[in-house]
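Quick look at what TrEMBL annotates:
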- B:21-43: transmembrane segment (TRANSMEM)
- B:79-99: transmembrane segment (TRANSMEM)
- B:106-125: transmembrane segment (TRANSMEM)
- B:137-164: transmembrane segment (TRANSMEM)
- B:176-198: transmembrane segment (TRANSMEM)
- B:218-240: transmembrane segment (TRANSMEM)
- B:266-294: transmembrane segment (TRANSMEM)
- B:306-326: transmembrane segment (TRANSMEM)
- B:335-354: transmembrane segment (TRANSMEM)
Amino acid sequence: MRSGRAFLVASLVLLLTDASFSLRAEEPKPALAQSEVLPAAETAHIVAIGGAVTEILYALGLGERIVAVDTSSTYPPQALGTKPNVGYMRALSPEGVLAVGPSIILAQEGSGPPDAVTVLKSASVPFETVPDARTPEQVVANIRHLAALAGVKARGEELAQAVERDFATLAAFRARIASPRSAAFILSASGAAPVAGGRNTSADALFALAGVTNALSTMSGYKPAVDEALMAAEPYALIVMDNRNHGLTNEALAAMPAFAGTTAAKAGRIHRVDGAYMLGFGPRTPQAARDLMAMVYPELNLPALPAHAWTAGSRAEPDSEPPAAPAAAPAGSGQPG
Amino acid sequence: MQPAGVKEVQARGVRRGALGLAVCAVLLVLAMLASLAIGPVTIAPARVMEVLLAALQGERAAGVREAIVVLDIRLPRTLLGLLVGMALALGGALMQGIFRNPLADPGLIGVSNGAAFAAVGWIVLGHHAVDALPAGLAALAGTAGLPFAAFIGALLATVALYLIATRDGRTSVATMLFAGIAIGALSGAGTGVMVFLASDQQLRDFTFWSFGSLGGSTFAKVWAAAPFVVLLLLAALPLARALDAIALGEAEAFHVGVNVQRTKRIAIAAVAAAVGAAVAMAGVIGFIGLVVPHLVRLALGPGHRVLLPASALLGGALLLGADVVARTLVSPAELPLGVVTAMMGAPFFLGLLLRRRAALGG
Amino acid sequence: MPHLLNSYRAENITLRAGGRLLLDGAGVTVAPGRVSVLIGPNGAGKSTLLKVLSGELRPSGGQVRLGEEAVSRLGPALLARRRAVLPQSVEVAFPFTVAEVVAIGRPAGRGGHEAVSRALGRVEMAERAGEAYQRLSGGEKQRVQLARTLVQLEAGAERGGGPGYLLLDEPTASLDLAQQMLVLRLMRTLAAEGVGVLAVLHDLNLAVLAADEIVALEAGRVVARGTPHEVMTDARIGALYKVPARIGWAPEALPFLLPHGLVGDGAKR
């Protein structure tokens, strides 16, 4: 019983710190000035920690040099599929990370625990962090920074400009929205109060990119929402993170008290999305935002963004719900922009 | 010799008990009304009554938002809160009686630990089970899987404790207490393993679950929990005299004609099922089971004939009150219900302990 | 030794617990209208025998009968109708009043204020009915518990249990002299009303005052049994308690015990 209590307290602390992370992440980051280029020997064996970091490194063509990744590095599939896993980014074990023999550790902001990071930083292996991105500028800055650290500045510039172009196209799409619609981002709906995304969340940032209003912007962070408050917020669409929700069907979702009264549920506007793709804020983010926009504004008949090597296989809506309209066709399916 | 003394003492007790029960019942009705009338969506109480009365006559304006909020969201939530509060408080009163310890709570018989372990197991690993099921069952498992797993976990933990503590048909509550600590540690370790395996989302799901919530209440949940709580009420109320006698000690209770082993079996089984169902539907909600019987004993005396029904009524009232706070304080977000009950219960309980310490001259 | 069908008796009881033989063929008979007293040194098995008799402990061998029935076959409720038990001391877990504790002796557990006040009157606690049991002194608690057994016996008699039997485990342990006399008087009065009484007593002088029959236990066996005159001899008591003892006889022909000074091995007070 005692250990149970201790655990609960620990999780509460974790949630609180989580929230503070998201608060901090909101502030604009200074462009990373220290673009010192490390000697090639130092970047031969990279440990990549954080989904966006891994994605960027693969997009830079550095997949070969990665010796280990963390659990959140779900894209591209070969990352976790072929590389050793050093555990979850917020619960790193210094010894486990050092055991894979890294020459540099590239980590996303929020990697931890802080003590583990301190140990790693003192282990004479360069430990570099990039901020959590919530804006196109930060995504592109992260690409340039990581490319510089890895000594592939030119390739980095190429990738950064490609992503910038995609963001520009996205901005043009956004301009076509006549009257913005609102949506609610549902992180999980396990049967109790649904956990939804408020202000200062990656979901809120993605909504902004997609020209979608967050129906729950009156709360902050990912929080359980009161059923009737969610209903009263009248989201036009429900964006549900598909976290293998244990066979929870759309019918079951639509029957939950929070959703049953919404027009979104009645009109079948429930969309399940891949969390890593939608909330990752890496090089695929323009595509993710465009896919979200296509879900909420199907009448715009948005074309797909150009496919790239680093967007291969990305799908907004996972297998369980095949896309109904051609407008919602997954990015990277080969259609030229 | 003053024969009138006893008569007077007894009459005073009966009057106090009747009055206390009436007050608890009124509090419960008020809490239910508050729970129906108060929420993030503002609806005038008069309009709430209108909607309810119309529904009672079988009329219902389909698609009207007020009707949806009152009838589909608040009504099942209120009923489920009533059941959960009753189960926790009555379960606490029964366990305190059986364990002869005013600090006992329903968690002592492993219900919460077992349920938490099973719940986190389901959250983290359940999708493997769902994948193996045929489509129809998988859909059912999607909605009912978590409460079902928690319920089974609660029962299994209690059965294990009971078997460990029972020898030759006699259940030692002392052994049960110690075995409970061991099983608690064990399921805590198991929970830790699951947490280790969990993703961010799963961790968040489990954390919010383990702090309790009445969010997502449906009539289906109400109907699923109701039989267990009704069974607990039916099983508990006739045990009043036996529990009074057990307060003297198990041997003494046997001397005055109480079948102590049978009483313990009934109480433990009924509490495990009802509290297991409550935890399954609403997660772990602390302090109701501990504080409510305490409050009642303080106000109305320790006699179980009043204590048991009054605890049930007051438990329902307090939980509904806490839930109103949980869903309005930070709306549109919702505070975990267990956090609210702990914030209300813990200071009260500390005050009680300090007062008692002062009384004992400690 | 009377062997009445109409009696409450334990026959040839053996009880093993934790590898130790606590009772080794012991037996005792409680007859209606008589007071029997169990004596013996500490650890002789007096309380254990009383617990076996009450049905609280199951013997490994031998049998306990109440009238013609085996006690093990009677359920707790039927048993409670015919015998009441006063344990050595009772702590109550919750703040019950004196009246509430006494009323627990009644099968319905409530009401019966006449019976409760009568019983409290008999132990001179009537005016304390509204007080919290937990705040009483040890002796007062003991008297309240005694009242509780009286209520139980009376309720049993009303429901066809006959005058019944009363088992008392060291009822005088925490009482002062006046209260000790009160309890002994009550035992005699109850016997006169037809109740069969069995008491474990440490104080041999009190045992002699109260008993119709004394049963002496040593190491789980009955070593002497008979009227106070028969059992209370210098030799028997000396052997039983391993102290030199001298039994004197007071003018009313009651024996009294004077230990041979406080010298010698294992002197007992």
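Cβ from N, Cα, C; glycine included.
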(request) Spell out yes or no: are there three or more C-beta pairs under 8 angstroms between the transmembrane segment (B:306-326) and the transmembrane segment (B:79-99), with each pair 6 or more apart in sequence? (result) yes
(request) Kindly say whether the transmembrane segment (B:176-198) and the transmembrane segment (B:106-125) touch, using the definition of 3 or more Cβ pairs under 8 Å where each pair is 6 or more positions apart. (result) yes
(request) Could you tell me what the rest of the chain brings near the transmembrane segment (B:218-240), counting residues at least six beyond its ends with Cβ under 8 Å? (result) 76, 79-80, 83-84, 86-87, 90-91, 93-94, 97, 143, 147, 263, 266-267, 269-271, 273-274, 276-278, 280-281, 303-305, 307-309, 312
(message) At a threshold of under 8 Å on Cβ distances, which of B:21-43, B:79-99, B:137-164, B:266-294 pairs most often with the transmembrane segment (B:106-125)?
(response) B:137-164
(message) With pairs fewer than 6 apart in sequence excluded, do the transmembrane segment (B:79-99) and the transmembrane segment (B:266-294) have three or more C-beta pairs that lie under 8 Å?
(response) yes
(request) With a Cβ cut-off under 8 Å, give me the same-chain residues at least six positions beyond the ends of the transmembrane segment (B:79-99) that come close to it. (result) 28, 32, 35, 105-106, 108-109, 173, 176-177, 214, 217, 219, 221-222, 225-226, 228-229, 232-233, 236, 239, 243, 246-247, 263-264, 267-268, 270-271, 274-275, 277-278, 281-282, 285, 288-290, 292-293, 296, 304, 307-308, 311-320, 323
